[in-house]
Amino acid sequence: MSAITDERRPDDASVPDDATPPGGRQGRDALRQMGSPHRARNVKDVIARVVMWFCFFLAMIPLVWILWTVISKGAHLLGSMEWWTGNQRNINSDDAGGGARHAIEGTLQMVGMTALIAVPIGIFTAVYLVEYGRGKLARAISFTVDILSGVPSIVAALFIYAVWVTTFGLSRSGFAAALALVLLMIPVVVRSTEEMLKLVPNELREAAYALGVPKWVTVVKVVLRTAFSGIITGVLLGIARVMGETAPLLILAPYTKNFQRDLFNGNFPTLPMMINQDRGDFALATAAERMWAAALTLIILVLLLNIIGRVIAYFGSVKK
Amino acid sequence: MAKRIDVTDLNVYYGSFKAVEGVSMTVEPRSVTAFIGPSGCGKSTFLRTLNRMHEVIPGGRVEGKVMLDDQDLYAPSMDPVTVRRTIGMVFQRPNPFPTMSIYDNVAAGLRLNGVKNKKTLDGIVESSLKGANLWTEVKDRLNKPGAGLSGGQQQRLCIARAIAVQPQVLLMDEPCSALDPISTLAIEDLINELKSEFTIVIVTHNMQQAARVSDRTAFFNLKATGEPGRLIEIDDTTRIFNNPSEQSTEDYISGRFG
Ligand SMILES: Nc1ncnc2c1ncn2[C@@H]1O[C@H](COP(=O)(O)OP(=O)(O)OP(=O)(O)O)[C@@H](O)[C@H]1O
Ligand SMILES: [Mg+2]
């Protein structure tokens, strides 16, 4: 370490003699004397590293523990074909096995619907806030998004229940749950898209304006295009985030063990609700094992989305 | 192609801050006009008012008159987008679109305005790159990203992009300040060629450059920081550098201040 620090010194000395450094001659003498504090700095550096590594390991413990528990207790069910093709119809808590296809499909269908609604709203809001918004309205919207991102999922679910079921008299369904998830997903999409749009250098917008390109074309073809992979990554992370939400499902989308592809009528199968179902009979080894397997399946889905997000970010990012 | 610009009594503001005051000048067609002056005197600000880029900045506004031949650029009926198509701009730092290839960068101005015909685009891309003295260097890699070029090549790419929309006037704000001497020379040669077709205005901190490339030179100055910048004088370049009418111009050029 000290060798590196020492190597910097000739740099100071290499200032040509006739050049007066900022602060005049006195300033340069002060620079010459700066060699000594590097030892103290190295000690601090080492301490900081040790503390950071320690905290990192502390944070890793629960993570590894969770993964280990879920994998060791649930992995073997995932090896069977039935798990990926079948459902839980006519399988009682004390029966072993069965499939999770109905819940996997249900979860994907529900978050798909959620994304379909939340992503355009979120992206348009972010575009408005970054590219157009000035003054009171923009501040009000930004504040609303802040509040929305702090709303607990169960409150979002109760709100949808109050509107959908109590006010409009419609029935609980997968779609109602998706609406609650929309409320949770919008702020995630808005904030991540906003960050990505802000990263687009202003020079690119000006370059487009200077070519006589109208503002909205600039926003669509230059700004959104430049930020595209970042926005997609944010969207996928947002989907992954709502995929495991359970409170809205408990309140709005009662579980069914059967295949159910209709989002608008009747009970709807999802992975979190399947976990919850088998947790009810946790004492039975057959149910417990299904519960862990469903949990592992959910983790894998979320992980896959994250990986896809990273891959898009990697390949879609601006190439040199 | 090239047109004359007539500016009368122009004041330029950032919100309530008056950055430039009382500028009147004429920019001759088919010539190069250089703006020189100390940092912060409003050269860039004034330059950006000539193609209505100034109003892109929140709070940016302008008083006075800018005429392009017989068109009032700040008339209420005048669309700033049209103005910018007629008066192109090259910035201090090369700013090719990072998601686009070399070809797409040059074609961007036309494509984004709805030109789709491949033949037309091919022709304009080639002639613009040739016009910017970049064609031989990039003709074999038109589909490679524009951001992969060297700084000097990127700047020439930006010039090609600007001339591809066939403007009447080309504004350049310190186009060489991020470049090495060789690339600088390449761009200066290019400016010399372009002036047969375009009216060119260039901001530069480099006196030799102003002396080398420009036909006329405008000297801007400001009394003190916080005061608005003013046009001190504009005249033939040889005159400004050899026998200026204002003392402050002579002081600035001979390096006595600024
Ligand atoms: N976006 C802005 N908002 C507010 N004030 C600005 C802005 N840009 C420039 N100014 C101010 O306007 C004045 C003129 O700035 P300008 O950039 O035009 O100077 P310049 O002559 O181009 O300087 P330089 O040679 O350093 O580029 C300065 O006082 C500057 O602080
Ligand atoms: Mg400037």
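First residue shown is number 1, and so on along the chain.
Every residue, even glycine, has its Cβ placed from backbone N, Cα and C.
Fair warning: this is a prediction, and the values are worked out from it, not measured in the lab.
The compositional bias 'Basic and acidic residues' annotation in TrEMBL covers A:1-12. The domain 'ABC transmembrane type-1' annotation in TrEMBL covers A:104-309. Annotation source TrEMBL lists region 'Disordered' at A:1-36. Residues or ranges marked as transmembrane segment in TrEMBL: A:46-71, A:110-130, A:142-164, A:170-190, A:222-243, A:291-315.
Count of Cβ pairs under 8 Å against the transmembrane segment (A:46-71): among A:110-130, A:142-164, A:222-243, A:291-315, the largest is for A:291-315. The transmembrane segment (A:110-130) shares the most Cβ pairs under 8 Å with A:222-243, out of the stretches A:142-164, A:222-243, A:291-315. Counting same-chain residues at least six beyond the ends of the transmembrane segment (A:142-164), those with a Cβ under 8 angstroms from any Cβ of the stretch are 125, 129, 133, 170, 172, 176-177, 179-181, 183-184, 186-188, 190-191, 245-248, 250-252.
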